[in-house]
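Residues or ranges marked as active site, thioimide intermediate in Swiss-Prot: Cys181. Per Swiss-Prot, active site, proton donor is recorded for Asp188, and the stated evidence type is sequence analysis. What Swiss-Prot records for Val80, Glu81, Ser82, His220, Glu221 is substrate binding site, and it gives sequence analysis as the kind of evidence. Residues or ranges marked as NADPH binding site in Swiss-Prot (evidence: sequence analysis): Ser82, Lys83, Arg249, Gly250.
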Amino acid sequence: MNPEHSPLGKATVYAAQYDASLLFPIPRAGAREQLGITSALPFFGTDIWNAYELSWLNARGKPQIAVATFYVPAESPNIVESKSFKLYLGSFAQTTFDSIDAVRDTLKRDVSAACGATVSVQLVSPHDFGKLEMEELDGLSLDRLDLDTDVYEPDPSLLKAAEDEAPVEETLVSDLLRSNCPVTGQPDWGSVQIHYVGPQIDHAGLLRYIISFRNHTGFHEQCVERIFLDILHACKPVKLAVYARYTRRGGLDINPFRTNYNQPMPDNARNARQ
């Protein structure tokens, strides 16, 4: 489905009852073809969605709430357009469910069907809210660098690496990632963590490259995949992982993770801006 046909940027009608048809899938293939991905994926990973505005009614009509986390595999053929996801979750508000397990099962079934792959779902109920973590991405901050730049569209030529020197292992972070929704033009603000093993990447060039997304239009997942591929091609690391955490919009935050080697799933801990 084309993003222009999604609910984004259109007048909103909120459903009075649960409605799975509100979910609007968008194929990943189109954006990936623009990146030169036409066959096997050069990465694997997950899109972590956190939903903070989930509520339903119990059998006695009393509202219930939970924080939901969805783990969408990167190999799924579709993503779900975020406003449609918000409207879908909103449709639970006046619908009765017998238990939190019934809510979880319904979410898993519907979102998996929309994405075309098995999506894991976790629900945190209010008595466990205190266990939800908040921390910043670990790594050496690129934002400490004092530099000039005037490039605000993605430019991989900014990426340089010391290919003639011994390989290094580094984890680098920046809070200066910004891209824009391709349908509404609204800015998406994010933090990004880059872990790699290989020729040392020039820090100033990498920060300028991250800043260069500032006027770019693309969904969160597409931007992270572009960052991953540009670094992979320009700097030739042996191992590479890119993890971004975007600020919340419409009660949802989206946190894509891409890697080319086996490693544990990153922590799903909110940062200060989320």
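Cβ atoms are placed via backbone N, Cα and C, with glycine included.
Quick caveat, the model's predicted, so the values are computed rather than measured.
Taking the features listed in Swiss-Prot, we show where each one sits on the structure.
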residue : record                              : CB count, 10 Å
Val80   : substrate binding site              : 26
Glu81   : substrate binding site              : 22
Ser82   : substrate binding site              : 26
Lys83   : NADPH binding site                  : 22
Cys181  : active site, thioimide intermediate : 19
Asp188  : active site, proton donor           : 22
His220  : substrate binding site              : 23
Glu221  : substrate binding site              : 23
Arg249  : NADPH binding site                  : 17
Gly250  : NADPH binding site                  : 15
Report the largest Cα to Cα distance, in Å and rounded to a whole number, among the residues Ser82, Lys83, Arg249, Gly250 that the record lists as binding NADPH. 9
The rounded CA-CA distance in Å from Glu221 (substrate binding site) to Lys83 (NADPH binding site) is 15
Provide, as an integer number of angstrom, the distance between the C-alpha atoms of Asp188 (active site, proton donor) and Ser82 (substrate binding site). 12
Relative to the Cα of Cys181 (active site, thioimide intermediate), which of the binding-site residues Val80, Lys83, His220, Gly250 has the closest Cα? His220
Would you give the longest CA-CA distance, in whole angstrom, between residues of Val80, Glu81, Ser82, His220, Glu221, the set recorded as binding substrate? 12
Three-class DSSP secondary structure - Gly250 (NADPH binding site): coil
